[in-house]
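Below is one structure; the comments refer to it alone.
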């Protein structure tokens, strides 16, 4: 066995010892407890039903007393009576002579044929009758200790069983005895699910950084022999759904070490000191099972900057938990083999002490995948699906810019469900196209009743968006326009998809984007002379975009090159500690209004110029409800010269998405290998 595998074997032994130490009470099969209970019940039954001599009825006993057939009576505990038959009973044949050679009567106990027993009725007084008939008797008070002990044992067993049942039904986090225990889920060699780097797609750069951590855990001497130290922690940073948790599980799976996974909110409870106690317990167990990985998801739940939003003199449990976490991270050496990984989508709110080298030595960015990355993610999530021959993953990837890995997984699942609902044997391209629209805009509501007047307003509104997006130079291509209601509030939508992933936007592009959003409201104004509430979401996006241009991106001539965004305090939405005066705030408002006004004039001029096409497109929408790129081209003509690369829309159009045959050739088997 190689050196690098020895720590893993020791880990398994330590875990077994730990589990044995925790199970102080041995566990037996259920049938053993059933047998023990039956034995106890049998002993109790035997104790209660064992009698001295033959058993007779109480009425018979009273007759025997009057006739002188009984003698030497013993009254036990006021109710149980034993005695012997007198010589008169033997002479008259009531019982056989015990000294006789013949067998005794069949109904009499062969072990004690001359004795009997009976039970007196409650409240009956037997002694006057015995005195009257001159029968000798004795009264004994005996304590039935066995019966009392049995009753108490049964009561205690029932109470313990009820207590165990209640504790098993309760959540471990709610148990009083376990409230200070950590709530981490442990994934080790015995775990059924194994995650590897093959399950992580589209994150090549991040994967390369994480692979080094795996090497640290497998062969630490390779790095320590040169004097280097292993990293204590790695912080995975990225938007929601990009695969941060999946990357951490893959790291543990590749390193083949125990993996403790929990959320930041698992530390904090309503009781003071619980969070700190859980941190101590977690690190204690981690050291016992080292080498291992501790993964804290959503660490911003406990790692926020201290002193924010805390009232004077209050004892913040979250800060106590963070202080304990910082102390524990300082309390172990990198040689201990414990790696801490954490994930957050809000690194800007984390405490600076948590991010310094020596705690989280590395910050690994897990970003949304690019075009190539989306193709790889789609390959992973479609490998278990039955796909038709017309599926083109690069086409789907090009239609889903900005989609995270979780969104692409949801897209594939929705496509499979949609194909199943339609009774198909395989998932087709049409199912993926419809799923994209469902993910972006919501579920179609064809049965939603809309008045003809409102339907006409929606048609002109969406036509306004489409025409402005078609003719302006810096807008994304318009692929589809629909007036079928979708989602919670959308009565229609215009689908525009960028041709490539973009990370920068110019002033002209932002202005054209504002114009495209204004197109719906201004189309209503041009056609009907009045406006509706349908543009609420458009106006909200326009305002945010114009404000960002002025106050964040420095795109206003009046204010110049300044950015007023407080990156150190992103939660400051109430204007506290702002870096600008009231005069500057007033200038910001004026600049925002001016940007919107200028773009309003541009958009209105464009729609008045193409009013005939606006009316024609609205009529087509009212008739067909959905029009695709080919229909738009027939209605509006070609795009402005130079807007898109030459030939990009000259190829086959699949469900409204133009694809060039030269985009990607199918690889041969050798190329795939």
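Quick reminder: no glycine exception, Cβ is built from N, Cα and C everywhere.
Of all ranges given (30-48, 49-67), TrEMBL attaches the label transmembrane segment to 30-48. When TrEMBL records 461, 465 as binding Zn(2+), the matching candidate from 384, 389, 390, 538 it lists for that site is 538. Annotated by TrEMBL as coiled coil, the relevant range among 597-624, 625-652 is 597-624. Within the listed segments 111-129, 130-148, 149-167, 168-186, TrEMBL records transmembrane segment for the stretch 149-167.
In this structure, the CA atom of residue 462 (active site) is 34 Å away from the CA atom of residue 238 (ATP binding site). Other Cβ atoms within 10 Å of the Cβ of residue 465 (Zn(2+) binding site), summed over all protein chains shown, number 26.
The shortest Cα-Cα distance from residue 244 (ATP binding site) to any of the binding-site residues (461, 465, 538) is found for 538. If you measure from the Cα atom of residue 465 (Zn(2+) binding site) to that of residue 238 (ATP binding site), you get 32 Å.
Cα spacing between residue 245 (ATP binding site) and residue 538 (Zn(2+) binding site): 34 Å, rounded to the nearest whole number. In this structure, the recorded positions 462, 538 were compared by how many other Cβ atoms lie within 10 Å of their Cβ, and the smallest count belongs to 538. Cβ proximity to the Zn(2+) site centre (mean Cβ of 461, 465, 538, cutoff 8 Å) flags the following additional same-chain residues: 462, 464, 494, 517, 518, 519, 520, 521, 523, 534, 535. The binding-site residues in question are 242, 245, and the one with the fewest Cβ neighbours inside 10 Å is 245.
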